[in-house]
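**Student:** Here it is: the structure, laid out below.
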């Protein structure tokens, strides 16, 4: 039975769960298990209970990529890493291959007028999801929920882990960089700095701060959440990406679960204390659902292998599923 908010762009309420079990954008295995765990938790059935018809859309062979990653770790040559001024763009070939597969899957979904719910995997997979959504909705705004800005270029990245760089690829900031990995030159790079807003930031590298300021990107840190409250921040973010229409227009949400405080979501790769409460994190997507303008959602960076106790797995996976359900119409009353 259909319940809750209406979706202006998906009145047929058809949805595809795109599985993106990729961990190569960072160095910790286990995050590729996120989609499997969320499905095991009953996510697909609970979405159907909200009135959506669903289908699964696998984007890649999980075992194949895990095998490639393990082979690369055993390699003495560094595998597909690219050296740039002494810093590695780590696993660049695998990131390029995986994100193109995700792009192909999400493109198929959105061109069929189905809502793409993409389950990661690390946040590098957003290179594929956002690029595909922008093909269909070039005026879409992007809300990036994260403790981190993920806008390092391959020149500024301190770690070389490409899950910290997807926004720079989406904006085309690496196109003129010497030695830009060939595997990622397929990325259109057409996201405008005026079409993205961040919520939840609290661990931003110095180079990223400069990029955010130089490009005038709307960035709401936890300071802003504390100062204004989560509802006001969401309203400001929506208006930032659609200023001409007072916040009305298609919006994609790419949600890294580390945006929420690790007290609530502990099993994630780069936890940072002082984040959103679980209720704030859920209210955020409830408000997006209420707007009627949500067109796509990523839920990424759930890593069950990093749990210290079983309850940490349960808390993390249940929270990831709750984010998806609330974005898709679940309400408290």
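Any Cβ shown, glycine's included, is placed from N, Cα and C.
According to Swiss-Prot:
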MOD_RES   1  N-acetylmethionine
MOD_RES   16  phosphoserine
MOD_RES   77  phosphothreonine
BINDING   123, 146, 150, 256  Mn(2+) 1 binding site
BINDING   146, 148, 256, 258  Mn(2+) 2 binding site
BINDING   148, 149, 150, 151, 152, 159, 160, 161, 205, 270, 301  substrate binding site
MOD_RES   270  phosphothreonine
**Student:** Starting from residue 258 (Mn(2+) 2 binding site), work out which of the recorded positions listed here (16, 146, 152, 205, 301) have their Cα within 10 Å, and give them in sequence order.
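**Tutor:** Hits: 146, 301.
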**Student:** Just how many other Cβ atoms lie inside 10 Å of the Cβ on residue 205 (substrate binding site)?
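**Tutor:** Counting Cβ neighbours of residue 205 (substrate binding site) within 10 Å gives 17.
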**Student:** If you measure residue 270 (phosphothreonine) to residue 301 (substrate binding site) at Cα, how many Å is it?
**Tutor:** 9
**Student:** For the recorded Mn(2+) 1 site, enumerate neighbouring residues of the same chain (Cβ within 8 Å of the Cβ centroid of 123, 146, 150, 256, site residues themselves excluded), in sequence order.
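**Tutor:** Here the nearby residues are 126, 144, 145, 147, 148, 163, 166, 254, 258, 259, 300, 301.
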**Student:** Nearest of the binding-site residues to residue 16 (phosphoserine) by CA-CA distance, picking from 150, 160, 256?
**Tutor:** 256
**Student:** Looking at the binding-site residues 146, 150, 256, 258, 301, which sits with the largest number of other Cβ atoms within 10 Å of its Cβ?
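**Tutor:** Answer returned by the neighbour count: 301.
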**Student:** Can you give me the Cα-Cα distance between residue 150 (Mn(2+) 1 binding site) and residue 205 (substrate binding site) in Å, rounded to a whole number?
**Tutor:** 9
**Student:** In terms of Cα spacing, which of the binding-site residues 123, 146, 256 are within 10 angstroms of residue 205 (substrate binding site)?
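**Tutor:** Qualifying among 123, 146, 256: none.
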